[in-house]
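Annotated in Swiss-Prot:
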BINDING   D493, D499  Mg(2+) binding site
DOMAIN    560-619  domain 'KH'
DOMAIN    629-698  domain 'S1 motif'
REGION    699-755  region 'Disordered'
COMPBIAS  719-755  compositional bias 'Basic and acidic residues'
Amino acid sequence: MTERNIYSVSAEIAGRTLTLEAGRFAEQADGAVVARYGDTMLLATVVCAKEAREGTDFFPLTVDYEEKMYAVGKIPGNFFKREGRPTTTAILISRLTDRPLRPLFPKGFYNEVQVIITTFSIDMENDPGPLAIIAASAALCISDIPFAGPVGAVQMGHLNGQLVVNPKMNEIADSRLDLVVAGTKDAVLMVEAGAYELTEDEMLQAVIDGHAVCKQICDLQEQLVQLCGKPKRPFTPPVVDTSLEEAISAWMGDRLRKAVRSPIKQEREAQTEALKAEVIAHFTADEPEEEIANRTKEVTKAFEKLLKDEVRNAILDEGIRVDGRALDEIRPISIEVGVIPRVHGSAVFTRGQTQVLTITTLGSPGDEQKVDDLGIETSKRYIHHYNFPPFSTGEVRRIGTPRRRDIGHGALAERSLYAVLPDEKDFPYTIRLVSEVLSSNGSSSMASVCGSSLSLMDAGVPIKAPVAGVAMGLITGEDGRWRVLTDIQGLEDALGDMDFKVAGTAKGVTGLQMDIKTTGITYEIMREAFAQARAGRLFILDKMNEVISAPRPELSIYAPRIMTIQIPVDKIGALIGPGGKTIRNICETTGAQIDIEDDGRVFITTPDGAAARQAISMIEGLTREAKVGDIFLGKVVSIKPFGAFVNILPGKDGMVHVSELDEKRVENVEDVVSLGDEINVMVIDIDRTTGKISLSRRAVLTGETPEERKAAGAAPRPRPREEQRGGRDEPRSLRDELRGPRREGDRPRPRRRDD
């Protein structure tokens, strides 16, 4: 057996040990690293194809984060008892890992690269997201794959007014910030964050502090490379035929400039495609038939390079964008609310040629989404789904399950609004938002944020403040010049160097996502992007407030009504009943949906108030505890010479002594009440030892309160002894008279076996 060489490096990060190890596992992968932080342990493997895929003109990188149930000591609960399709969390971590790695591969490198991250152990304290980025970067660095890493990643929180590095998972719930930053030693590559209205300065400081820790993690990866790194495989970037570009540029003259400066996307694309077809036809006309295909690719690539240069140079040199806007100008905005009948809330937000319809649906607490990530069962009362159909960009594409992009954009919009949602105790509804992108020319995710805020207010959801979002772009030049663009459209996104999305209220930032296509950006660029984004966000909020500035005072007539009551925890079983029989009966009788929390809160969801009141009455009847001074409409269930027994609650009787039946003296109980009568009675005493209840009809008739009775010296009559009830209903003296005198020598007869 060949002895393995195992290499390991460690460093203290935020009081916990980060360890990177290579050589123990997956020796046939091009690179494999186990990253451990606390007891969270991940294996990252990377494999690169030996040759570029034929006909590929893009970099085919795939990142898969594989959740394994054994990592938390669980067996999958499905029929096959094995892991299935990736969860939303797995997809989001895959995207989180992909984004900072992709810019660091060389341009023109078209070999397929696959990164697989497998969860070995999850300790429920240390978030595996940043660790996945670190593990993947380390595996790429020690491999022979061309990669300009390493990349460090860290999570930042904001607790007790202080920034915290790598807060534990249970601390995130109390943190005003959940931010992941990734970068090289020289620059920031990626930021993803949700926040509770932090200022731009606070957000930037979190990025700066996080990047400082990223540098330490990069140093650790470099130590591992020195121990076991492989020489990088040779790669020569494709040679650019500048002479062909010059020839095409000269032949087109200013036609390309005129084509790309059309403000309408469809017209711009049509003119650009027509010009490209002319260029291809002209520059392939003299080629032999067998060379036409290759020549067409070369001409197409040269044309697209000229198109990119035209757009970028116009911005850098002239400050002119393709649609004629200034660098900090936002496209025309139009807003409508309440556009869809019968739904609980709706809004259409249109910015330029990007249009998003967002629908709000309110449901009961039982409609919460059950989430089971690696055995951690939680529920979500707020859900946001983002749909990007092919017609939104004028394309034909198969419609199937949501793509990773759709899930990622929905998650960004979801976390951008989370900070302004009402507390569950004030608004117990489950909230589902669906953003339908009807037309897209860039920044559809931020349009979803705006549409969602408007739709929530239209639905009457008491959000704390309106939220708007805007996407910023960046154009850089080889001479160090750069320009930040506000509200980028599709072409600027595709040909630019950065996508910097910021969402928030007038007070502060609630959501942030930054992706770049270069090898990093500086703090100065980020500071400028934050400043322009704030100005743009406030402008959009003003436009939104012109249409609807606060939540509607009432919910839609089509929305369900939820009422909340509190019952004693020890009464939950009584409400549910054997096998759920009792609660099912209430639901069937009233048409209500009833959800019970472990702390005794009961949510009654009904289509109207009458059904809710009926359900509450039935629940209170089952769970209410009698108290001194309470008045009940009770039913007489038993009559005795000394008084009447009255049922006041299900399974709960009290006794009205003959002296408490009326204001005047009562000689015979049946002169006042009969079996089955319903009478109003007041609880005047509850025996602390036995729990037996004494009732008074007289107190109700006279209007006396327990305090007045006590002050007047009235005391509850002593209850009869136990043997006077049950099987021996008659008083002892009456029983003795009926039985007659006992004869001497009488003894109880022993029971026979067949009695």
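Each Cβ is built from the backbone N, Cα and C atoms, and glycine gets one as well.
Since the structure is predicted, the reported quantities are computational estimates derived from the model, not experimental observations.
Broken down with DSSP, the domain 'S1 motif' (629-698) shows 7 helix, 36 strand, 27 coil. For the domain 'KH' (560-619), the DSSP counts in helix, strand and coil order read 32 helix, 16 strand, 12 coil.
Confidence annotation: the domain 'KH' (560-619) carries a mean pLDDT of 89 in the model. In the three-state DSSP assignment, the secondary structure recorded for D499 (Mg(2+) binding site) is strand.
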